[in-house]
Amino acid sequence: MVKILNNLIFVLNCGSSSVKFAILNPDNKKKYLSGLVECLFLSKTYMKWKDLTTEHKKCIGSNLSHKDALNFIFNKFFLEKKDIYKNIVGIGHRVVHGGNKIKSSTLIDDNIIQLIQKAISFAPLHNPANLIGIKTAIEKFPIFAKKNVAVFDTSFYQNMPETSFLYAIPYFFYKEHHIRRYGAHGTSHHYVASEVALILNKNFNSLNVITCHLGNGASVSAVCNGICVDTSMGLTPLEGLVMGTRSGDIDPSIIFFMYQKLGMSIDEIHTILTKESGLLGLSGISSDFRYFEKKYYFEKKARLAVDIFCHRLSKYIASYMSLMENNLDAIVFTGGIGENVPLIREITLSKLLLIGFKIDTQRNLGIKNGKHGLITTDKSRPAFVIPTDEELAIAQETIKIIK
């Protein structure tokens, strides 16, 4: 029997249609349990989980809500595995948006819950789900009522300069309504930046790196001397790169045109830009990058969608070079696409030859499915693939806060 160490953290990440969870030791980085409940609100809801030795998958019901999924997780893993439960010392929650008031990870109390509630308009798909996770955890585990910690995606961007976070609209809207760029995926960007600092044997406070979190949602961040100085997502996670179903950057006049000339409602336009655009909108077929990887050389629309994705990504990377004080240590690719699609990394870096990046084809092709490492030639500026581990990052923040 494997000995369970003390100081375990239970991590919850409630997404718009899924619940990720993990139980791990933030000191030795060992995961005793990790899992995902997906396809919430659909005809079949599945749970995949992995303990120290075995992977499992099963259908756990139909049309399940976040609360249903959480109840299933709690009943299965905490009632059955009491040896794990008794060693848990706190619960860490991923929260997408902290609004303008919350600057860093924090213990959760009624005031923090209210502030997360107020920020729902900035993250309407995620913050409500995050709140369900928080409230359910407090209800199920009153013993940890004062040991729930919120770790915010937006915290990493709180030190960005005004030149990066302000929009060129009347200042009144920032002062009175807090309209500014907040960013997202901050926990992931911070984690992989910290990891590449270790690889390069650099103090984090002197690190200059551009991190690319590429998944169904995608963003780029510029870290200069250990501080994030710019990022591609804005007031909401709609701004920036081309994404799975999100448009990313567009001319705002497109919205006026759709409303005034095409007679579309604001809700219809919002749905199009967030759920029907990006790779799905360009191809008319899919938002799944596995499809684009297979069809890139054979279908015109698939190729066009990928090329537009990489075009936008390479432009952001190149523009962030100007923020690096003439010294860029590395680029990092992470996220489901960044870690597992060599094609995207190759196309993107091929556009950055002028600034010193040259792909090593064999290295690049060999790094996916959880592997990490260098993907450029030895004489090139370095680019790395580093798998993100948001659960570990959240656990490390949680143990730091509760201690």
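Using N, Cα and C of the backbone, Cβ positions are placed for all residues, glycine too.
The shown structure was predicted, so the numbers you read here are calculated from the model rather than taken from an experiment.
Around Asp153 (active site, proton donor/acceptor), the same-chain residues six or more apart in sequence whose CB sits under 8 Å from its CB are Arg94, Val95, Val96, His97, Gly98, Gly183, Ala184, His185, Gly186, Thr187, listed in sequence order. As annotated by Swiss-Prot, active site, proton donor/acceptor applies to Asp153, with the evidence given as sequence analysis.
A strand conformation is recorded for Asn13 (Mg(2+) binding site) in the three-state DSSP classification. Taken from Swiss-Prot, the feature Mg(2+) binding site covers Asn13, Glu390.
As annotated by Swiss-Prot, ATP binding site applies to Lys20, His213, Leu214, Gly215, Asn216, Gly217, Asp288, Phe289, Arg290, Gly336, Ile337, Gly338, Glu339, Asn340. According to DSSP, Leu214 (ATP binding site) is assigned to a strand segment.
Annotated substrate binding site per Swiss-Prot: Arg94, in sequence order.
DSSP assigns His185 (site 'Transition state stabilizer') to coil in the three-state reduction, outside any helix or strand. Summarising the annotation, Swiss-Prot assigns site 'Transition state stabilizer' to His185 (among others).
Under 8 Å, Cβ to Cβ, and six or more positions away along its own chain, Arg246 (site 'Transition state stabilizer') finds Gly217, Pro237, Leu238, Leu273, Thr274, Ser277, Gly278. Secondary structure at Arg246 (site 'Transition state stabilizer'), taken from DSSP and collapsed to helix, strand or coil, is coil. What Swiss-Prot lists as site 'Transition state stabilizer' is Arg246 (among others).
A 10 Å cutoff on Cβ-Cβ distances gives Arg290 (ATP binding site) a total of 12 other Cβ atoms nearby, all chains included. A helical conformation is recorded for Glu339 (ATP binding site) in the three-state DSSP classification. Residues Lys20, His213, Leu214, Gly215, Asn216, Gly217, Asp288, Phe289, Arg290, Gly336, Ile337, Gly338, Glu339, Asn340 are recorded as binding ATP; their most distant pair of Cα atoms lies 22 Å apart. Fewest Cβ neighbours within 10 Å among the recorded positions Lys20, Arg94, His185: that distinction goes to Lys20. Arg290 (ATP binding site) sits 24 Å from Asn13 (Mg(2+) binding site), counting Cα to Cα. Counting only residues at least six positions away in the same chain, the Cβ atoms of Gly244 sit under 8 Å from the Cβ of Asp288 (ATP binding site).
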